[in-house]
């Protein structure tokens, strides 16, 4: 509608506008601001100027102008006439040509080169370009020579109200605290208008609220939004939607307008107290609940949010204030009731508490509205549980002397069942804490006794754990640590702290301290150690040395005279008796070795050997050691040589190749045939003189040491082999080190060139009595004798 109205006005007043631009500026505006060209001959006053005035005044230009105006958004059927250029040099003979250059010349603005009329060819928009700078010049049409210097002028685009206000930053979001007073600042909005703020009222804006009343208001000129109602409650309504309008032309009819939205949120303030959902809470808990375990939750609701809704809980009254505690769950704002001390059903079966919930952050503006807290009652019932035994003490400390007798009572632990049923208790020792089983305990009364001897010097402390178990419910078990301290008795004699070896200089003086020795005692008397030193009774009058007790519990060894000599005696042994102050006292004898040495004049030991006196020929000790090593090496070589010769010169057992016993082999298992003569040791059969020695079986190593049996008397070489073999078989059968089974060896090779088959007993008949060995005589003289031996053996068995 505003645009259509503008077009109608423009169509109606177009002739007037043209007249205003072309005529009125020539009459009124040109003398004032030089905005239109004035022909120099148009003013009769100028022609009457005297010659003197012309001399005094400077020469004027042929035309003078400053600026022209054109209305924006003009859209007529013909190009709009902006203005006309004219010079008084133009006599009207059309010899002058007008030229236009600059911004938009030839495109937006076109000049009639004969008349000087300037027309706007396009629709102009002031918001795109507000003014154009152009240059005009009059030239001779024929020669194109300038008749006047070029002059610059400005065409300004005059504004019309063609732009509506806009909220560039919209839509808006704002917050304001709830319960605010009327006039509280909420936010400020800003609209912009692209029209000219200087020319007319096109850019003069006025603000108003279209939606959002009566809660909010806006200042018409500053656009500041404020609260219009008091005590708006967030809990009732939290968010408001407000529509703001900005209208130009000062808000008058015909102005353009724009709108935006403002979302206003009420922020929370602490204007509501916490409130328990119920006035009475009931909880039950087992008496054996662990400390710190939650037993129940209470909740005080608060209509506020965030920090304003946070509450703290506290127990303010009740008979269990020291038994229970209440804390706040930071996530849910619940009050969590926990057990702070152990419960006992047999002592107290129920508790009553009064808990309070109070806001943490209180707004002073609303403190008059009442206390921001609430209370509730909590009843807690304790239920009975089967509890483990309870010891009379959480720990026990016992003491026992290290010489205490076996089975003597060290101490006693006691425990009871706290339940009403009062189950009997049995005691035991956790053997993981008493691996050496040094202690025992009476399962009925808990008395701890000594099982093995104690030694304080080995272990001063023993830490064991006693276990108490209910006889009616073995799952109810309690443990208690027991520390046993072993008390010292004087059962160790003192002795030298280390093995001392004193050195005595040959040039020493009488009374000189040779050595200072100290003693140690494994015992630990209450008043500390005090040692007594003395010489053996038979050495009290020792002519060479004496002793002296020092105040620091040490002993000094002194020389009685001088003139000691290594040639006379190199080493002295001085036995010393060391006694302690225990009850009864303990003593020991330690021997101090005193070596005579050669020293310098300052008493520094240089040599304690006697080689300078016993080796006058000049041989050093190193040379003697080398000679002795060579002698020992030669002796070892001789012994090895003799041993090897003895093994090499032993005679062969069988010298007669025709001896029938050379191929008689005792087969306890299957062998490799008659050519296998290395599978068994037949030295005993071949050498009757060696029967006293014991030859162990090669197939099985005896696990026990076999005692050599009584050897048989030597027999001549012509002994009966059959009888000899039977005797050996009898001994082997009765040998305790021989295995009670036959060792069978499997041979895949029977030998070559043998006319006989396998001799394995596995392929023989079931009964030995069914065998006939007469066929062996057909195999040759060697097997013939073997057949006779087996035949004799069978006949002996039958007899």
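The backbone N, Cα and C atoms fix where each Cβ goes, glycine too.
Note that the coordinates shown come from a computational prediction; the quantities given were computed from them, not determined experimentally.
Across the domain 'Cadherin' (87-167), the model assigns an average pLDDT of 82. Residues annotated as domain 'Cadherin' in TrEMBL: 87-167 (among others).
In the domain 'Cadherin' (168-276), the DSSP tally of helix, strand and coil residues is 3 helix, 46 strand, 60 coil. Among the features that TrEMBL reports, domain 'Cadherin' is placed at 168-276 (among others).
According to TrEMBL, the domain 'Cadherin' annotation covers 277-391 (among others).
Sequence annotations record features per position, and here TrEMBL assigns domain 'Cadherin' to 392-496 (among others).
Marked as domain 'Cadherin' by TrEMBL: 496-618 (among others).
Marked as transmembrane segment by TrEMBL: 613-642.
Taken residue by residue, the domain 'Cadherin' (392-496) breaks down under DSSP into 3 helix, 47 strand, 55 coil.
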